[in-house]
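To keep things clear, I will list the structure first and then write my remarks on it.
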Amino acid sequence: YHFKKLHTPPSCSVNAPYLLTKTAFPSTMGKFPSKGPRHLRFTPGADPDDSAQASLVNINPFTPESYRQMLFPPNGKRKARGELEGKVEQGLPAKRFLLRESNMVSRYKKEFLELEKIGVGEFGSVYKCIKRLDGCVYAVKRSKRPLAGSSDEQMALREVYAHAVLGHHPHVVRYYSAWAEDDHMIIQNEHCNGGSLQDALLENAKTGHYFQEAELKEILLQVSMGLKYIHSSGLAHMDIKPSNIFICHKLVTDGSAQEESDSEDDGFSSNVAYKIGDLGHVTSITNPQVEEGDSRFLANEILQEQYCYLPKADIFALALTMALAAGSGPLPCNDAMWHHIRRGNLPPIPQQLTHGFHGLLKLMVHPDPVARPSATALTKHPILRPSLGKAAQLQKQLNVEKFKTAMLERWMAGDLGEREEMGKRRGYKNVCVVGWGESSPYFPSHQHVASPWLPAAAPEQ
């Protein structure tokens, strides 16, 4: 066999990322079979020659249609560099590049120094590695079984597609690169030095502690920001749960003062960032190919194959995630309590939450997805961001004062004779106009009042 060596784009990282710690391949309990009519396959075929190999390319289903039309116009012509220049391609399928076609000298061993295994899941393992070239720490995921032709290949591709389309956001685990090696998918991601939220919950269980309300609000706000970004990109996560939320502790650097200032601007009180990871279940909102996630966090409408409000299914799962962080016991997979929660009830929470926050979480598990708040609404909710309400009130007061000032300036700039005549009609005498800071006899003869529109006033002269 003869294979052409393919190169992936270099990592675009500049700052040292301190990112992901647990596997983004967590065990998924109670999975329901996919109802989607379409499956992207890695299924290998006949070995192509060099020219055919060079033209193989995946079409990312999560890119906007206009973008795909720009790359692959209807006439079938596609511009490219090198040996593809001027070639005509007819009808590119959704999946062209095969895992087995990228066998080569191990890029993983060549580019990375493996430090330790930091996570194991159903589909693979995650390793903490240092990239030899830039000296930064990354989390590198490797499928533990060959994916070519397997049932797991769609999920692996889905994660890569979603990461590539989403780009960089402070509350989504960052993606750097992905490649195939010996029929295995390898994904280079951000390394989160605080592990996952699930790790934190397990530690809390050992000590009998749980997140307090202030911390819960911060987690909910930051994860909502990540969901807002995902949803605004036309995607739904479909597997929000503690093991898929990762924690990054901000490290002290020379620019720590600036970082603290930025954190305060965001409304965050701590130096901890919460990020959404594991995009293996991500699907398009407008063209859903739903692969249900963990049944413990599954909204009832998804089980009923009602896919009109996929972002609200993420909100439902996020509420149950917050209930676990607040100290709730293990969630049921499918029993009377499972149905009780789907009727709009939260699982028992051992700590006393404020009425407003508890009500917000309960609204997030409302049986009607339309009634649940959107991720955008959560990022602006006064329970989570009270400072926004104060800022709005201050802005309103500022606008009133600006209006008063503008009216005064218009009055001061008016015709002097008109002002004198107006003053006489209103019972004023000895009318005159003075500059700011001077005394003015511009008041009725029978009294002296302080005017909020004039900086200084004096009794009648």
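Numbering starts at 1 and runs along the chain as it is shown here.
From the backbone N, Cα and C atoms, a Cβ is placed for every residue, glycine too.
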Of the candidates Lys141, Lys206, Lys217, which one does TrEMBL list alongside Ile118, Gly119, Val120, Gly121, Glu122, Phe123, Gly124, Ser125, Val126 as binding ATP?
Lys141
Limited to the domain 'Protein kinase' (112-384), I'd like the whole-number average of pLDDT.
90
Assigned conformation of Asn244 (Mg(2+) binding site) - DSSP reduced to three states
helix
For Ile118 (ATP binding site), just give me the three-state DSSP call.
strand
Those recorded positions listed as Glu122, Asp239, Asp278, and which of them has the most Cβ atoms within 10 Å of its own Cβ:
Asp278
Most crowded position, judged by CB atoms within 10 A, among Ile118, Val120, Val126 as binding-site residues
Val126
Here's one to test understanding: among the recorded positions Asp239, Asn244, Asp278, whose C-alpha is closest in space to the C-alpha of Gly124 (ATP binding site)?
Asp278
